[in-house]
Structures are given as structure tokens and as C-alpha cells.
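Notes to accompany the following structure.
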Amino acid sequence: MNLRDISGNAFPELKELLLSEIGAIEIGGITADSRKAAPGSLFVAVAGTKADGAAYVKDAVAKGAVAVVSGHAVEADVPVLVVTDPRLYLSLAASRFYGKQPDTMVAVTGTAGKTSVASFVRQIWAFAGHAAAQIGTTGVIAPGREDYGALTTPDPVTLHALLAELASEGVTHAAMEASSHGLDQRRLDGVHLSAAGFTNLGRDHMDYHPTIEDYMAAKMRLFDTLMEKGAPAVIFADDPWSDKAIGAAREAGLEVRTVGRNGQYLTLKRVEHFRHKQMIEVHHDGVIFEVDIPLAGDFQVANALVAAGLAMSTGVPAATALKALEKLVGAAGRLELVGQTKNGALAYVDYAHKPDALENVLTSVRPFTSGRIITVFGCGGDRDKGKRPIMGEVATRLSDIVIVTDDNPRSEDAATIRSEVMAAAAGALEIGDRAEAIRHAVSMLSHGDTLIVAGKGHEEGQIVGSVTLPFSDHEQVRSALAELEGSKI
């Protein structure tokens, strides 16, 4: 493929240059990482938070890059294309270069619930007979493959290479998570979406976004920029930010489909909570559906409704989509039951690492907890510091016993992070060693108690400094339970 074809016509400033012999340069690959440049490749110099890719142009050219794209003029021994938005160029160019995508794709954004919704949509599609995949925080799951561990929204080159690979493998449907970072950094531009969803908005990524309004605006790029007019936007209607999402979708010319108690497309009329499931009554188009969802928590009902709405918006009949909800399997590390003691105390692992998510999890287990809620959690380093005391307050308000421990301290001092959480966690215990904190919590479990180990969920490593050490909350909980005679794992 030549440079003219890869560039397309989205950048008028390149028109004359691409009509010259420069446009005929053959491109054999595309990258924004100078270390991955190879003979015949196109290097796109993207400015990051810590470094500007333009500083590595010479390195990329030395490795064989035959052209460079930059946001400003740079010296190079190869043609340089200057564009207003290198990130956007990278995404659109990657989309053209790799070409193929699954025929039906949806993306979901929101502070919490993205992974579960993407997982549920995949499961509903599969139930309906489609070859379906999900892409997001827990990795890539598709027929015949489970690749765990990835960014919520992969970089554009990785993403489009993956989409082409999935399409070649026969995947026809794919559900993606759309993070605010990914949307703001143009990583999803060039993805052909059939429908999009919004779950909720709460405090997160305040180290990246200057205000909550900026955070919401980044989320809404999914509606106002990436979707074609008339496409369905499935919005959970019961969140404080739902009206703003509805307004953004309508202003973008999308077909709004709301779900939840205040929803018009899927109206939740009744919920009955049981220990490991919930019975819901949902109305759609004059028909009443009673559905047993095999998952606990109001937040899972919300996630299931958004997922059903997305599946229905991509051609799955309502009866099929809602029937599929009865077969759902929770996403890895999302209120996942790991085991129980011989006296019936339950031990869960959950990814909740934001105030709203932690509150949702703890309020969800209260109805079936006759004893105490014991919570083990910490906060990550090099991330939004403002949420640390908020999470400490949430944990102590909604738990009977709280143990504050280490999460992924990264480059920060772990003790300092814990102290910032403890400042608002009156009466909490502090045990820095996460494995020891989990063992101590398990040893305290009595009849009717519920243990929540929050923050890391599906992760299989703990980031200390620049090193990722092997660590799994699941394994630590199982190990601690194994030390208790008669526990079920």
C-alpha cells in the first residue's frame, strides 16, 4: 500500500504533497514506536505525556522508516508529512492499512461496567449463534482464543491488526471497551461501529482529566465523533450523568435507546435479590419478560440491560437477548466468587478500584450477608491521589472490618499511599503485605460473613517500582482458604 492510500483524504494539508511522487512511496508497516520501525515502515511521531515521538525520528529512520508523520516540522532524511493531529492520522492510517474488521462492532464507555458489558454482549451474540469476540481490560476472548492481559483500549496499530486478525479467523461480531484515555487519544477512530453504549460516570482518572466535565466530554467522543448519524446509542438511564449522555447522543443525531428503571427501550420494573442471582422483570415494546440473572448486584442488572440493548440494536431479537441473560457468566475478577469456608462465609475478588465501583460492590453483597462484610483493598500509585481518602471512607462506611493494604504502588512509596487512604478510614487495619492482608482477612471469617478483596480483580501481577511481580488475588484467597480445614475452593 502506498503513502497516498494510507493517508486518505482526512487531512487537506497533505493533498498537494500526496499528489507528488511522495504519495507513491510504498509502505510495508506503520508504527508510533521507533523501536518497532523496520525497513519500509511509516513512523508516526505522537506526543505522549512523558516524551514527544518527534525526538525519535532519527532512530526510526535509522531502522528503515521511509516516511515520517509529525505534528510539526522535523529534520529527517526521508519525507516528513506535517499534520494537525498525528494521533488521529495514526488511527485512520492503521484502519486503512489493515483493512478488515468484524462486520458488527459495538463499543461501551463509562466509569464502571465496561468489561462486564463487553463480556455480556459477546455472550449474548454467541447465544444467538454469532462468532463473537470481546476486547478490553481482561484481554481478548473469541472463539478458540483467550488472550488475557491488555490495556482497556489498545493502541491503534495493535487494535487494527487485532481486528483484521479476528475478521480473518471468522469473527463477525466484536464488543470493545472504550476508555476515556482511548477516546481522547483517538485510539478508536477508524473503527466501524454499529452501536455504542454508556453505563455511568463517577470519579476516575482525575490525574489525566482536569475536571469531571472534561472526563465526561472525553467519554462522549464515542457518541459525537465516532458514530454515524442514526446509529443506536444504548444509555443506562438511572445514573446522575445519564441526561448529559442522552443529550450528547441526541445532539449527535443518534437513535437514543435508554435502559433501566427510567429506561424507555428496556424498562426495569422489578428486581428480586437472591444470594447468587436476581430475578428481574423487564418491559420492551409492550411485552413483559421475567429473567433470572445468575449474578449478584444491582450494578450487574444495569450492565446486563446495557448489554441486551446493544445486542438487540445489532439484530438479536429481544426474546433471544433476554433469554441469554439467564446464561451469563461474570467477567473475570468482577464480584467473582473464589471460594467459601466450611461455615459458609463467601470470599469474592473484585476489580473495584474507584469509589463508585467499590460502593456498588459493597452495597450489592449487603442484602445476602447476615454477618460481617470484611474488605481488603488499596489504591494504585501514580494515579488519581484524590480518590484515596474517598475510597477509605466508602470502605469503612459500608464494611464492618476494613484492611488497607498495597495495590500497585508503582513509583510511589507504598506506606504513603496507605496513609492517604487511612486518613479517612477510621478503625481500619493496615497491613502492607497484600498476601498477608488477605490471609488475615480469611482467618477472621465466621458464619454469614462476606469477604471482598478489591482493586486488582483479574490481574496476575503487582507493580512495584518498574517491576511487575507475580501476584494473583485469586491464588492468595484460595491459598488462605486451603489453610482452613473444610473450606470449598
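Note: Cβ is positioned from N, Cα and C throughout, glycine not excepted.
From a predicted model like this one, the values you see are computed outputs, not experimental measurements.
In Swiss-Prot this protein carries:
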- G110, T111, A112, G113, K114, T115, S116: ATP binding site (BINDING)
- R383, D407, N408, P409, R410, G455, E459: meso-2,6-diaminopimelate binding site (BINDING)
- K219: N6-carboxylysine (MOD_RES)
- 407-410: motif 'Meso-diaminopimelate recognition motif' (MOTIF)
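The DSSP breakdown of the motif 'Meso-diaminopimelate recognition motif' (407-410), given as helix, strand and coil counts, is 0 helix, 1 strand, 3 coil.
Closest to K114 (ATP binding site) by Cα-Cα distance, out of the binding-site residues D407, N408, P409, R410, E459, is E459. Those residues of the chain, other than R383, D407, N408, P409, R410, G455, E459, with a C-beta within 8 angstroms of the mean position of the meso-2,6-diaminopimelate site C-beta atoms are H353, G378, C379, G380, G381, D406, K456, Q462, I463.
Here the binding-site residues are G110, G113, P409, G455; the one with the fewest Cβ atoms within 10 Å of its Cβ is P409. A straight line from the CA of T115 (ATP binding site) to the CA of E459 (meso-2,6-diaminopimelate binding site) spans 13 Å.
Here the binding-site residues are K114, T115; the one with the fewest Cβ atoms within 10 Å of its Cβ is T115. In this model, the motif 'Meso-diaminopimelate recognition motif' (407-410) carries an average pLDDT of 98. Distance from the CA of S116 (ATP binding site) to the CA of R410 (meso-2,6-diaminopimelate binding site) is 26 Å.
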